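Straight from TrEMBL, the features:
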{"type": "REGION", "residues": "1-190", "note": "region 'Phosphopantothenoylcysteine decarboxylase'"}
{"type": "DOMAIN", "residues": "7-155", "note": "domain 'Flavoprotein'"}
{"type": "ACT_SITE", "residues": "Cys159", "note": "active site, proton donor"}
{"type": "DOMAIN", "residues": "186-394", "note": "domain 'DNA/pantothenate metabolism flavoprotein C-terminal'"}
{"type": "REGION", "residues": "191-403", "note": "region 'Phosphopantothenate--cysteine ligase'"}
{"type": "BINDING", "residues": "Asp279, Lys289, Pro305, Asp306, Ile307, Leu308, Phe323, Lys337, Lys341", "note": "CTP binding site"}
Amino acid sequence: MSVLQGKKVVLGVTGGIAAYKSAALLRALMQAGAIVRVVMTPAAQAFVTTLTFQALSKERVYTELLDTDQEAAMNHIDLARWADLVLVAPASADFMARLAAGMANDLLSTLSLATTATIALAPAMNRQMWLNPATQENARLLRQRGLQLWGPDEGEQACGETGPGRMLEPDVLLAQAESIFASGSLQGKRVLITAGPTREFIDPVRYVGNRSSGKMGYALAASLARLGAEVTLISGPVALTTPDRVLRVDVETALQMEEAVMARASACDIFVGVAAVADYRPTEIAAKKIKKSSETLQLNLRKNPDILALVAALDEAPYTVGFAAETDDVEAFADAKRRAKKVDLIAANRVGGSRGGFEGDENALLLLWEGGREAIPMMAKPVVAERLAERIAERYHIQANLG
Ligand code: PMT
């Protein structure tokens, strides 16, 4: 059963092309058991009709601040008090600006001022509008006041441009909404997690690397933090923002990652190795840039320490979770890794295909632990991370109670 069962959600819809996706979000929230009331701004109604949301929610849609008929059903103060969560998706640049300025010139902005519930915004706009210093300042101000900003995502936009400004997909927003009401099952627990690639230097400007973007590890760090854990993220070089409430330590090479992890591993309750640590490093790093004088160049490589196995072998080892990136025979190879490295749980993903694994926004995992398995189907990485974090928390507590 979803934690959203019986939770009261005001779904605010403002003017933007992404408003059509809010219909799918409404359905997803209702399927998870939430009770949803939809509030639309006048601009939103230029994109989608009230009828769409009314038909889906089987409830009246609220649009007016000073309409006696609507106010008689549930006035703006009643709506503000009723909500456990006010989720505005899409949140336009204009709406964010009005909220930041404390304006109350329509029903949604007024109830947002009057509510004590968590307010979450899913920004959606043209990338230049999002990057505009005025919008960035509004976003900063709203975060500072305790509002949550979910997204925006990056990618192709309806206006034909590419960049940040897309609304997060409905399933990702659903996972975020669930996390608001999650149990806090890792409250007070210390989690150490690695993410991203490592770079193994050949000379001062070249390195051996891999395709890890850090998306899976960062999403998992965020999910574990939302469960209440104190999360330290040891990160290889990636172009991602540090998740809220996560302490990040940047490293480049496998040896630096080993040092950063081993300095902290004995003091943590849970260790998760998501990083794609290079298995080998050049035996020597040339002091100067290697000249391309010869036709062939040979690199001698030395095996790197296996950080995950080292953590699992500690006398007072934390609950240890590894990942396994496999191109074939996924379950057999992953289970062999789980046994060889003596980890408590391994999350296996197929890599090298067209979907899932490295770089992309989606992944599917097969979780294996002693006597159990669970398949998490192909979904957005934050959704997969949410499911994995819940499972890690559950298995950690079972093991802690046994020990
Ligand atoms: O970052 P993304 O683009 O989102 O991609 C996500 C991912 C594919 C990188 C991630 O889901 C994943 O599979 N991470 C593990 C990648 C990997 O190195 O797999 P492996 O099967 O080679 O290693 C097994 C485990 O040993 C991993 O937990 C790894 O962190 C650990 N390891 C490996 C080598 C080493 N020297 N030290 C280690 O700790």
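One is the number of the first residue shown, and numbering goes on along the chain from there.
Even glycines carry a Cβ here, placed using N, Cα and C.
What TrEMBL annotates, mapped onto the structure for a quick look.
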residue: Cys159; record: active site, proton donor; contacts (Cβ under 8 Å, 6+ apart): Asn126
residue: Asp279; record: CTP binding site; contacts (Cβ under 8 Å, 6+ apart): Lys303, Asn304
residue: Pro305; record: CTP binding site; contacts (Cβ under 8 Å, 6+ apart): Ala254, Leu255, Glu258
residue: Ile307; record: CTP binding site; contacts (Cβ under 8 Å, 6+ apart): Thr194, Ala254, Met257, Glu258, Val261, Met262, Gly273, Ala275, Val277
residue: Phe323; record: CTP binding site; contacts (Cβ under 8 Å, 6+ apart): Met216, Gly273, Val274, Ile346, Ala347, Ala348, Asn349
residue: Lys341; record: CTP binding site; contacts (Cβ under 8 Å, 6+ apart): Asp306, Leu308, Ala309, Ala312, Gly322
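DSSP gives Ile307 (CTP binding site) a helix state. The 6 Å Cβ screen around ligand 1 retains Ile307, Phe323 from the recorded positions Cys159, Ile307, Phe323, ordered by sequence position. With DSSP classes pooled into helix, strand and coil, the tally for the domain 'Flavoprotein' (7-155) is 70 helix, 31 strand, 48 coil.
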